[in-house]
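This structure is in structure tokens; I'll ask about it shortly.
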Amino acid sequence: PPSVESIGVCYGMSANNLPAASTVVSMFKFNGIKSMRLYAPNQAALQAVGGTGINVVVGAPNDVLSNLAASPAAAASWVKSNIQAYPKVSFRYVCVGNEVAGGATRNLVPAMKNVHGALVAAGLGHIKVTTSVSQAILGVFSPPSAGSFTGEAAAFMGPVVQFLARTNAPLMANIYPYLAWAYNPSAMDMGYALFNASGTVVRDGAYGYQNLFDTTVDAFYTAMGKHGGSSVKLVVSESGWPSGGGTAATPANARFYNQHLINHVGRGTPRHPGAIETYIFAMFNENQKDSGVEQNWGLFYPNMQHVYPINF
């Protein structure tokens, strides 16, 4: 795959007031953001990002999974329309489904296999096929050495992890210390979620953990290892902190978290040193998300002003 900077940004589009895609791509370039996550193959965005050298993660949305799982021909058609049609785009991954849950999980591995087969047949096997999971699939996340999937998640994650190991692809996970903390603020010091703890909070054998981000990443590694995925890398497909709409959701806290995230991911975790490929959620505040914190994850307002200053 193309070389990657450790930090990208998720370009979500659940809003009716965003700038044109070509303008957004210019904002990525101006701010030195080298990687972009798209949740679906948006034509305007893919046309605009072609030839820029920006690495792209493109989603095959949840509503196409059953179709992609049902037939290799459907997957080949999807790849032709959404990948091969954009030869100038530096595609890095196709992310098949985002936080797929319930009965739909039965389509995950068949869809991933069919998309992978279609990419290989098109001479595009360097574009890896993965899926993006929620941190909620971890039944145990602390200490990281005890990390494991919930019983329900283990049933579908075993085959997912084994497919990723076979194809040398990473698992993508959406990791939100804010949400874990806000769910039960009395159970955890906010500094541990915010990259602001003064020392080791969780001691795990020889390893000391100062922040919940590292704890969660390493718990995912332990959980994957229990299902034949000890060779699989983790990519953080979303992380961030909201600037409004909820408890401790302020521009100052959001800036503190995201700036520390950017500065931190180049170093890795206690158990897995080295850069962690990470995508900040999100480029913009999105006004068609649920009210509250969901509308307030953006680095920018739709008018292109910074919600708070940040340095990539």
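A Cβ is built for glycine as well, from the same backbone N, Cα and C atoms used for every other residue.
Pulled these from Swiss-Prot:
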{"type": "SIGNAL", "residues": "1-6", "note": "signal peptide"}
{"type": "ACT_SITE", "residues": "GLU99", "note": "active site, proton donor"}
{"type": "CARBOHYD", "residues": "ASN196", "note": "N-linked glycosylation site"}
{"type": "ACT_SITE", "residues": "GLU238", "note": "active site, nucleophile"}
In angstrom units, rounded to an integer, how far apart are the Cα atoms of ASN196 (N-linked glycosylation site) and GLU238 (active site, nucleophile)?
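Cα-Cα distance, ASN196 (N-linked glycosylation site) to GLU238 (active site, nucleophile): 20 Å.
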Around the Cβ of GLU238 (active site, nucleophile), how many other Cβ atoms lie within 10 Å? Please give the count over every shown protein chain.
23
Does anything in the same chain, at least 6 positions from GLU99 (active site, proton donor), have a Cβ under 8 Å from its Cβ, and if so what?
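Same-chain residues close to GLU99 (active site, proton donor) (Cβ under 8 Å, separated by 6 or more) are SER132, VAL133, SER134, ASN174.
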In DSSP terms, helix, strand or coil for ASN196 (N-linked glycosylation site)?
coil
Tell me the coarse DSSP state (helix, strand, coil) of GLU238 (active site, nucleophile).
strand
Tell me the Cβ neighbour count for the residue listed as 'N-linked glycosylation site', meaning other Cβ atoms within 10 Å of its Cβ, over all protein chains shown.
15
